[in-house]
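As given in Swiss-Prot:
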- 9-229: domain 'DHFR' (DOMAIN)
- 36-42, 104-106, 125-128, 166-173: NADP(+) binding site (BINDING)
- 51, 165, 171, 186: substrate binding site (BINDING)
- 298-583: region 'Thymidylate synthase' (REGION)
- 320, 466, 484, 485, 486, 487, 488, 496, 526, 527, 528: dUMP binding site (BINDING)
- 465: active site (ACT_SITE)
């Protein structure tokens, strides 16, 4: 037997609170905790603007493209069942809208200034209310005497979806007769006096399938859940799917698109303020190629998407360098090192420089001249006389960068004098310790390498940006997670992704493991103002397949690696993009 609620797209939408002085045992909660629907002919709570915005968004939203498919479904049903249409007394509707069905009490509870509910077809279900009882301005409101009177209207009228909006007896009849496809349910997280309760939801028939963000309004928190009939719930969900937890399953299935899921995704986006969606709208027209890519599953898009988000939605701030930035806080990227080496392809990167700097860190060096002699200029601007003097390091020799990364990795806690001193056996050799733990205590949760030494920060030419990494061993594979406090998306982050990936490959090899994942956590992520135009160019480039990285398999000691022990194979890339460093 066909489900009428499915054919004619009938839904319920409601908001319920906790009931003051209910008999529910203290501390024992369930889905039935939220059941308070009304009190003394109105809502139990004062106006909740977030819930009202959600209600309006859900019941007003229509999708013209999806409507044609919904109409085809309904027409097919009526043709199959030889349904004869009778349009007598049913008003014609040209504009596509949703239907809202309510009882007499619910209609009367709506403030006059909001009657009838705009951009919706208002239907009142009442055995006593007559058309002549309504004011002339409500001439387009439809009155029906029973639930059965609704179906001739649904068969004839142009509409997108039909929402049952109250009250309790109306909800109950539609639920009892199995005429509800989904329930859009607001949970108002506060207790109020209630004299009307929402009817019990049959949890064998309906299950919660979606839960929104949590909001605050009128001194209470609230969220929105969607109850779906159990037959419509996806039986198999792959938690490893890239879109799991972020996108409704039906959205990305071109062959079996679930229009309800598309709409639900839109409903849950109701509270995204328009001024935030295009915060930096002056840049919007520069991303034609980037926006033309429908599915951005290539792992490089993790990086590119962050840049796009910051350019479009970032906060405009002044910064230490005086250049100014667009910034946001908190991102994560994850790269599968067992499949590829994440060396960005949308611009050519200086691979040799990345490796030389990493080897320099591993040796515990702080002398910038060592890198300059190899024509690696990553630290050049931070070692100048002017830069060191600005850091109040007047006594420091040019290119003496102080107790930065490598010093902390190999000599944490040692007293720093200058770049020429011998620090052998001084301080804590963190790198040696983590390799020892990986080899001998691989399940340890303390395999951490930290460059953030508060005592030494003022002595450093530049306090560390990538400050901490942790390693994880499982099934013969090594993963690394790194936290970066300050993230220069244009210049620094591409190097950091590659550097810590190489570092993970190296440690995996000397510990007789295989590389697994590199996870990159970004704190203050920013785009310098003088990098924006260059990054627009980069975002409109399409990534190529990542290359692979091969290490000399004979190397078993982390300190024995040299530049000749690294081979990057099949690095296909776009041209170099120049950006000035903000120092």
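Positions of Cβ are set from backbone N, Cα and C atoms, glycine also.
Overlay of Swiss-Prot feature records on the structure.
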residue: 36; record: NADP(+) binding site; DSSP class: strand
residue: 42; record: NADP(+) binding site; DSSP class: strand
residue: 106; record: NADP(+) binding site; DSSP class: helix
residue: 167; record: NADP(+) binding site; DSSP class: coil
residue: 173; record: NADP(+) binding site; DSSP class: helix
residue: 186; record: substrate binding site; DSSP class: strand
residue: 320; record: dUMP binding site; DSSP class: coil
residue: 526; record: dUMP binding site; DSSP class: strand
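Taken together, the residues in the domain 'DHFR' (9-229) have a mean pLDDT of 92 on the 0 to 100 scale. Of all the binding-site residues listed here (39, 106, 484), it is 39 whose C-beta has the fewest other C-beta atoms within 10 angstroms. The number of other Cβ atoms within 10 Å of the Cβ belonging to residue 42 (NADP(+) binding site), over all protein chains shown, comes to 13.
Taking CA atoms as the reference points, residue 528 (dUMP binding site) and residue 171 (substrate binding site) are 55 Å apart. Put simply, of the recorded positions 320, 465, 526, the one whose Cα is nearest the Cα of residue 173 (NADP(+) binding site) is 526. Note: the Cα of residue 36 (NADP(+) binding site) and the Cα of residue 484 (dUMP binding site) are spaced 47 Å from each other. Taking the C-alpha atom of residue 165 (substrate binding site) as reference, the shortest distance to any of the binding-site residues 486, 488, 526 belongs to 526. The Cβ of residue 486 (dUMP binding site) lies under 8 Å from the Cβ of 465, 523, 524, 526, each of which sits 6+ residues away along the same chain. If you compare Cα positions, residue 170 (NADP(+) binding site) sits closest to 186 out of the binding-site residues 186, 320, 484, 488. Of all the binding-site residues given, namely 51, 173, 488, the one with the smallest number of surrounding CB atoms inside 10 A is 173.
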